[in-house]
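Only one structure is covered here, and it is reproduced in the block below.
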């Protein structure tokens, strides 16, 4: 929004041209989202406490989690607010990719909001009925996938980028929609499953978003895209603003979510952040890279799938003491901060590994 104002004022004062630079707007988007989160955080916590919107705890979980009961949840509202305001202020709103991300962010956030609200009002961890939850997540993902395909049809924007192979970029055609659907829905649920300890999900999200900011910039820059042998997609450069807004909002939320947490993001935050990371991965054509950089999310999801499969196929036998896998380590006796920090370290290493693969082609 402010890009248009800066372009107008540039006619009268050249100094306003600085706001047209992508790097300047990206940094300002980060700090805007960060400061907004820090500003509204205490207000959100107080309001949630007044409304008695507290976290419900599973009875079969680690005993250490019982003390978390009643901690304000649905803090993802402040993350979405900070990202939304920052993006609307600093991104070029004529860019369709920005709107796809905002649509998924708030669409998935709305589904998560209903899920959280039902958990709170019904005083259990069941939430929204699974079939309806996945129905609405699927509708939002498919609308986005069809829209993205319509814009990028038969261009480099619908090619499949395979790590390590610079000449392997097949045109996906309609399969682009199928891939986009599974990436968006899958990532949304993966981040949701990871969000089980204080700060566990938000920091890997920040790492991945920061990496995608660099990738979006390179993909939207014709010289760098040629240098890295990745498709040049002109609309992706504005996703840098969206990614840095995620980083800022995420760090602001972590201020209140670090152990012991004063606030949980809830499904309204985890589903929204996961869904939008999946959307960004599709838009910059780096779905495989998301699997690498978001390895913590992948492992958490696989641990649940394997646990459920083992329980059903092996007459109640479990692979892990509890799934997702972060609870397994808690039940082994690891203190919660140790689990969190080690998962952060692994996440950072995987993000760096993912970035390195861009050059190893």
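For all residues, glycine too, the Cβ spot is worked out from N, Cα and C.
According to Swiss-Prot, the features are:
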type	residues	note
TRANSMEM	21-41	transmembrane segment
TRANSMEM	74-94	transmembrane segment
TRANSMEM	97-117	transmembrane segment
TRANSMEM	132-152	transmembrane segment
TRANSMEM	168-188	transmembrane segment
TRANSMEM	199-219	transmembrane segment
TRANSMEM	239-259	transmembrane segment
TRANSMEM	264-284	transmembrane segment
TRANSMEM	288-308	transmembrane segment
TRANSMEM	339-359	transmembrane segment
Can you tell me which recorded stretch out of 21-41, 97-117, 168-188, 288-308 has the most Cβ pairs within less than 8 Å of the transmembrane segment (199-219)? 288-308
How about the transmembrane segment (239-259) and the transmembrane segment (21-41): do they have 3 or more C-beta pairs under 8 A, pairs 6 or more apart in sequence? yes
Are there at least 3 C-beta pairs under 8 angstroms linking the transmembrane segment (74-94) and the transmembrane segment (264-284), leaving out pairs fewer than 6 apart in sequence? yes
Can you tell me which parts of the same chain pack against the transmembrane segment (288-308), counting only residues 6+ beyond its ends and a CB-CB cutoff under 8 A? 161-163, 183, 186-187, 189-191, 193-194, 204, 207-208, 211, 215, 274, 277-278, 281, 318-320, 323-326, 328, 343, 346-347, 350-351, 353-355, 357-358
Sequence-distant residues near the transmembrane segment (132-152) by C-beta distance (under 8 Å, 6 or more away from its ends) are 96, 100, 103-104, 107-108, 111, 115, 158, 174, 176-177, 180-181, 184-185, 188-189, 233, 235, 271, 275, 279, 282-283
Could you give the residue numbers and ranges of same-chain residues that sit at least 6 residues beyond the transmembrane segment (21-41) on either side and whose C-beta is under 8 angstroms from one of its C-beta atoms? 3, 75, 78-79, 81-83, 85-87, 89-91, 213, 217, 237-238, 240-249, 251-253, 255-256, 263
